[in-house]
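Peer 1: Next up is a structure, given as structure tokens.
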Amino acid sequence: MEILRGSPALSAFRITKLLSRCQDAHLPVSDIYAEYVHFADVSAPLSADEHARLQRLLQYGPSLPEHPPAGRLLLVTPRPGTISPWSSKATDIAHNCGLSQILRLERGLAFSIQGPDLNESQWKQLAALLHDRMMEAVFTDLQQAEQLFSHHQPAPVQRVDILGQGRSALEQANIKLGLALAQDEIDYLLTAFTGLGRNPTDIELYMFAQANSEHCRHKIFNADWVIDGVVQPKTLFKMIKNTFEHTPDYVLSAYKDNAAVMEGSQVGRFYATAEKGIYDYHQEEAHILMKVETHNHPTAISPWPGAATGSGGEIRDEGATGRGAKPKAGLVGFSVSNLRIPGFEQPWEENFGKPDRIVTALDIMTEGPLGGAAFNNEFGRPALLGYFRTYEERVNSHNGIELRGYHKPIMLAGGLGNIRADHVQKGEITVGAKLVVLGGPSMNIGLGGGAASSMASGQSDADLDFASVQRDNPEMERRCQEVIDRCWQLGEYNPILFIHDVGAGGLSNAMPELVNDGGRGGRFELRDILNDEPGMSPLEVWCNESQERYVLAVAPAQMALFDEICRRERAPYAVIGEATEEKHLLLNDRHFGNQPIDMPLDVLLGKTPKMLRDVTRLQAKGDALQRADISLAEAVKRIMHLPAVAEKTFLITIGDRTVTGMVTRDQMVGPWQIPVADCAVTSASLDSYYGEAMSLGERAPVALLDFAASARLAVGEALTNIAATQIGELKRIKLSANWMSAAGHPGEDAGLYDAVRAVGEELCPALEITIPVGKDSMSMKTRWQEGHEQREMTSPLSLVITAFARIEDVRRTVTPQLRTDKGDNALLLIDLGAGHNALGATALTQVYRQLGDKPADVRNVQQLAGFFNAMQRLVADQHLLAYHDRSDGGLLVTLAEMAFAGHCGVTVDIQSLGNDALAALFNEELGAVIQVRAEQRADVEKLLADHGLANCVHYLGRAVAGDTFDIRSGTDVVYSEKRSTLRLWWAETSWQMQRLRDNPDCADQEHQAKQDESDPGLNVKLTFDPAEDIAAPFILKQARPKVAVLREQGVNSHVEMAAAFHRAGFDAVDVHMSDLLAGRTDLQSFQTLVACGGFSYGDVLGAGEGWAKSILFNDRVRDEFEAFFHRPTTLALGVCNGCQMMSNLRELIPGAEHWPRFVRNLSDSFEARFSLVEVASSPSLFMQDMVGSRMPIAVSHGEGQVEVRDAAHLAALEQSHLVALRFVNNHGVVTEQYPANPNGSANGITAVTSVSGRATVMMPHPERVFRTVSNSWHPEEWGEDSPWMRMFRNARKQLG
């Protein structure tokens, strides 16, 4: 083992935060220094040259001050016996750089701790604070890291002696293995194996437990029900299916695959052909798939990997739909207990305690969103939608006074994608078909996730809890998805016959499911499974939940094609078996010469005992709202701080919202980029205005008063959120229903039944809406010992509805941004509560620690349908200036958020809403506020009346320029405050969370910027006509020069880049680095090269640096790139990850010696912003005739800060006029202030060019906003092409 010191690992503010945590834990630590240390396992000694190459390879990241380590060492490494994603990618890079004798690279974090002597207990406490026991180990000596490379002999299979010991043997195994088997399941297994005349193996029992867990089998939703002694006619699942039976319109696949599919649009899908690799549009049906999952249990144990693998698993579900599909846009949501932010505790937040084995709500909301965002970011899927609710209170509900809240959190992960018409249905698995595992190797992680998530937190052993959490490698999943993409793009020649993702239960669930669904059995070889931990037992190899894996059936004749695709994409795979005629599972183990599994499929997946739920209804006992202590002014401030209402920027800007170039409505609205969008919208392709939309609805606290009302409101809110897009008929909308319940808790089972019936049998059929997909999580309770007291925290019944719809025209989507530039205007409230104004279970009651008695509800189904249809007319006729639904916080919050988005004031009169101002302003009945032109008000009111809404419409007042927020009732002032003051209150929760998580200086700067009342918002100044197509004369000649669209494993922005060059008249060619390294392609035939954005090698060894070094340290490929850059007629562009990569190739690029490096953002966070830039005067041939132009652009990166050697280097860069783009603030001034400058680069620098102008590198993404509709905000006069299209046309013009 070789040990190589690395660079300092933590920035100054991270060290400060670590010292603060030590102080909070009463650990007397005076200083901490942390640096990376690398360990190389080599098969032969490295030569001096190879050693130098390895040293250079391991120099990466920002240049932080180094000092010799002093004090005691605590070395944090990956857990011995595991291989980290960092290790596999770093080893790949080393091999691609010619260091073939490196068997494996691994990285540790060496902490040098200074301070008074700590006792042994304190050292243990400090070690616990510095590492994640799930994934890491702590050593006190560098040599101890040798254990990382130790190899163990495989452990044998174990048998459970039921023939000798009978039932007791199974009962003991149930406890020891954490199987969560019910008594009747134990009886079933006893009968089955006794009938087979043999003892089961541990692997067979484990496989059965996972496949038949509540998590996988949904026993409660398929159970028979008796309520109050009355047999119920339907199961829960049958009531959900009733919606499809009533309205099957537009549904192509429901209830039988990894995701549901509905009809989409005929559009040009843009991808490279297999024959020549040239990108083009392919006119075909792009049907819409939809899926929403939860990952609650793992997120409670370890939030980052829990949320990351939640998103990763849901993405795999989408990709594994039909015979292979394309995930497109994602959503993430969280329900947690109270945050209790240190120094920002709120009056309604009481500490009720929690179990030690789960983390705090604050920890979940600090780490969980980062994990979910990081996976989506690295995979390359925009996260466009979400929700965030906190609830934790002692309330008087159905079961009397008890604790209700989300100690077991909800972590929601979902999204939509597209699929070809001929791939919607899975194919036939032929006898002899090869059974393949695509993706990463097996590791000893995530064991028992299905069974563990089916238990209430606190029932299982703490070690089993930790064992059941997986960890993530999104870059591997991206590689697998590229393989799936290449397969479905082959159309009828798609080699994939059948595909499933590997999730709960690992291969033990996925492979039996695959062959069973295909009507076959399977014969497998255990030792053919890719395995990074050879010491695992057969149970661990077969049942672990290592992520980023899919199982496929491939016809033998197509294996060569499949192998070729996988090799090009560097996606690992293994053929582990064959499909058999007999429906039998046989798993052979050639190492031990035995068969750990040998059982009929029907024992595993057959008719296990059906559950019966015999339950009792309980009546809600909510108390009437006590108003004595409620002041309206104080209520407003409290509600603005409540997370469900408060600004959620800290959850949004960490997530890429522009990748694909097909996002037309993200969370951020208008020139001031306020996060108040009601729904997410994507275009169906890069050549059309058809699209897809999705929205969320959930009102869980209402279930504490009325289960059915809560469910109805969730559906209603999803509809009011999506209503301001152009959908057409209501039945176009399809819903996902995610049900979370504490099954078995008094009253909850009957409440669940009532809620499902309300939606599945009544509301949705009446609206003609289908629920073709959903999921349930039935163990939403936490138990623990608090001193001498046994405590329970039970979540409210929680239904999260996600609405999906096909969109007729994405340009018609209306946002909450109030307009004061359209002449006189009118604000209308459409009150679907019809004056009920119920205050039970609202934000108001929550912030005053009450529940109330009567909640909101869907008051009139016909009016809800009429409302939707009326909005569709108004959207299609373009009569709406602004639209925002009423939800958490009520009418006052709706109006405030609209004013924030418009940076304006409102003056309204609520006299028509009754005499109870508190109820009028804070009820959360369904409804919306619309803004229309004053002269159209009468016509709009008539249209609403024609749709049955006459008694729901109230004229409120108008939006006005300025800072006023005035609410009156007749002549009485009800509430008056500055809009800017409300805006800051609304922002404070996000600010405090951001200060805790990121660089607090940046968080403070952002909060300070929100106080600038003179901020004009995003604005545009162009020095050219964006409607002029300067490439047109060259396109007319029909000569299409070739551009090499270069990608490395992990790159995710190549398709939209190709589309931009294609539109400018190029033939865009898909070139993978594996093509160049293998010699399949070279750069000689290209005049233009573009290196695309993403996460090459998952940013291991520095963003873009591993990619660059695989070029620099490969002599033939290095010469090829150098020759390209030295040809006087070539053009080269590097964007984001491609920019980072090319900046590290500067020694090969003439005139690039002054280029900087691009390193970790000053905020120490991934930054996704829509930022204003100005084109600087430079030689860049891409920016010709654009100098002086100011316009917004997509920014999405974690490492974009310009790093120069010193002041002289910066001066040389400036004096050479090589800066091509700079960040400016909304006043047009070059800035280093956050967030206008999202990465902290000196002088606002964000793009540089070579002396000749032929090579340009830039961190922002022009390719994601080359279409006007894909800009988060844009001036209304822009046409189809945004001004950024000029960059690509300049390139085409340059080539003549």
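Cβ coordinates are placed from backbone N, Cα and C, and glycine is handled just like the others.
Swiss-Prot lists these features:
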- Cys1136: active site, nucleophile (ACT_SITE)
- His1261: active site (ACT_SITE)
- Glu1263: active site (ACT_SITE)
- Gly306, Ala307, Ala308, Thr309, Gly310, Ser311, Gly312, Gly313, Glu314, Ile315, Arg316, Asp317, Ala677, Ser887: ATP binding site (BINDING)
- Asp678, Glu717, Asn721, Asp885: Mg(2+) binding site (BINDING)
- 1000-1013: compositional bias 'Basic and acidic residues' (COMPBIAS)
- 1043-1296: domain 'Glutamine amidotransferase type-1' (DOMAIN)
- 304-323: region 'Disordered' (REGION)
- 1000-1019: region 'Disordered' (REGION)
Peer 1: For the compositional bias 'Basic and acidic residues' (1000-1013), give the DSSP counts of helix residues, strand residues and coil residues.
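Peer 2: Per-class counts: 10 helix, 0 strand, 4 coil.
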Peer 1: Using an 8 Å cut-off from the Cβ centroid of Asp678, Glu717, Asn721, Asp885, can you name the remaining same-chain residues around the Mg(2+) site, in sequence order?
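Peer 2: Nearby residues not in the site list: Cys679, Ser695, Leu696, Gly697, Ala718, Leu719, Thr720, Ile722, Ala723, Ser887, Ala928.
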Peer 1: In the same chain, who gets a Cβ under 8 Å from the region 'Disordered' (304-323) while lying at least 6 residues past its ends?
Peer 2: 134-135, 253, 257-259, 261, 289, 291-295, 297-298, 330, 332, 367-372, 374-376, 379, 381, 411, 413-417, 419-420, 423-427, 446, 469-472, 474, 477, 480-481, 484, 487-488, 494, 496-503, 547-548, 550
Peer 1: Does DSSP give Glu1263 (active site) helix, strand or coil?
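Peer 2: Helix, per DSSP.
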Peer 1: Relative to the Cα of Asp885 (Mg(2+) binding site), which of the recorded positions Ala308, Glu314, Cys1136, His1261 have a Cα no more than 10 Å away?
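Peer 2: Cα within 10 Å of Asp885 (Mg(2+) binding site): none.
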Peer 1: Can you tell me which recorded positions out of Ala308, Gly310, His1261 are within 10 A of the residue listed as 'active site, nucleophile' by Cα, answering none if there aren't any?
Peer 2: His1261
Peer 1: In three-state terms from DSSP, label Cys1136 (active site, nucleophile) for me.
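Peer 2: Where Cys1136 (active site, nucleophile) sits, the three-state DSSP reduction gives coil.
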Peer 1: If you measure every Cα to Cα pair among Gly306, Ala307, Ala308, Thr309, Gly310, Ser311, Gly312, Gly313, Glu314, Ile315, Arg316, Asp317, Ala677, Ser887, the residues listed for ATP, what is the largest value in Å?
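Peer 2: Greatest Cα-Cα span of the listed binding residues: 32 Å.
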Peer 1: Cβ neighbours within 10 Å, counted over all protein chains: which one of the recorded positions Arg316, His1261 has the most?
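Peer 2: In terms of Cβ crowding, the pick is Arg316.
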Peer 1: Quick one: pull the CA-CA distance for Glu314 (ATP binding site) versus Asp678 (Mg(2+) binding site), whole Å only.
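Peer 2: Glu314 (ATP binding site) to Asp678 (Mg(2+) binding site), Cα-Cα distance: 23 Å.
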Peer 1: In which DSSP state, out of helix, strand and coil, do we find Arg316 (ATP binding site)?
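Peer 2: For Arg316 (ATP binding site) - judged by DSSP and reduced to three states - the answer is helix.
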Peer 1: Show which residues of the chain containing Gly312 (ATP binding site), separated from it by at least 6 in sequence, have their CB under 8 Å from its CB.
Peer 2: Phe375, Phe379, Asp472, Pro474, Glu477, Gln547, Glu548
Peer 1: In angstrom units, rounded to an integer, how far apart are the Cα atoms of Asn721 (Mg(2+) binding site) and Ala308 (ATP binding site)?
Peer 2: 26
Peer 1: CB neighbours of Glu717 (Mg(2+) binding site) within 10 A?
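Peer 2: The answer is 27 other Cβ atoms.
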Peer 1: Need the DSSP three-state call for Asn721 (Mg(2+) binding site) to compare against my parser.
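Peer 2: DSSP assigns Asn721 (Mg(2+) binding site) to helix.
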Peer 1: Work through the recorded positions one by one (Ala308, Ala677, Cys1136) and point out the residue whose CB has the fewest other CB atoms within 10 angstroms.
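Peer 2: Checked Ala308, Ala677, Cys1136; of these recorded positions, fewest Cβ neighbours within 10 Å: Ala677.
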